[in-house]
Amino acid sequence: MNEVIKSLTDHRSIRSYTDEPVAQEQLDQIIEAVQSAPSSINGQQVTVITVQDKERKKKISELAGGQPWIDQAPVFLLFCADFNRAKIALEDLHDFKMEITNGLESVLVGAVDAGIALGTATAAAESLGLGTVPIGAVRGNPQELIELLELPKYVFPLSGLVIGHPADRSAKKPRLPQEAVNHQETYLNQDELTSHIQAYDEQMSEYMNKRTNGKETRNWSQSIASYYERLYYPHIREMLEKQGFKVEK
């Protein structure tokens, strides 16, 4: 196993950080890696907002539901779908009309590009010995976050990433069996997939039991049900439209 794959497969979310700052050279390398990642049509539909100001990080922590590691770690990156640059290129610099943000494709493209960027930043940071944890809860209060970071129209906050020096490395969390994720030639039949999920539920229950000293035995199915039994961010469409993503087509 080469060093790149070794680093990738050793990933774990870190929720406890020292107060040691992240060097600017390291941040520059992480962002350079992000910019080198692929994007749809080379449109580069991602903007990264780097936040290091303590008061601003504290506010983001509150908006994300009270996640102290955002406030504790020295760096927070916000990944945004960004069609503002495209709007400038098409309508301000040239005589074109931007239509893409009137359809769902713009949301899909922006989300995919932002996901690639976040994954790349995670891999780059961890290759430098830093710890990370992604923050999806930035979508919980998007209006306040948009105002706090002065995001213009056609820009939407999708996910965040905490970066810092780990104070404690948590145990590596088990993943679904590879057969459940990597299907050969055609999609796996439902019976086999169900069997893999059942086995994984047992593994996750054992992991949680050990991690919490017997206080919790919640499995994977129960964990995702706590989110997917409801529309936990029901205002997303409204906020997308307010930011210029009409999602009509």
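Each Cβ is built from the backbone N, Cα and C atoms, and glycine gets one as well.
The feature FMN binding site is assigned by Swiss-Prot to H11, R12, S13, I14, R15, Q67, P134, I135, G136, K173, P174, R175. In the three-state DSSP scheme, P134 (FMN binding site) is classed as strand.
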> Does R15 (FMN binding site) have same-chain partners at least 6 apart in sequence with Cβ under 8 Å from its own Cβ, and which are they?
Replying inline: W69, V133, S170
> In sequence order, what residues of the same chain, 6+ apart, have a Cβ less than 8 Å from the Cβ of G136 (FMN binding site)?
Replying inline: S159, G160
> What count of other C-beta atoms do you get within 10 angstroms of the C-beta of S13 (FMN binding site), across all chains shown?
Replying inline: 14
> Just counting, how many other CB atoms are there within 10 A of the CB of P134 (FMN binding site)?
Replying inline: 18
> What does DSSP assign S13 (FMN binding site), in three states?
Replying inline: strand
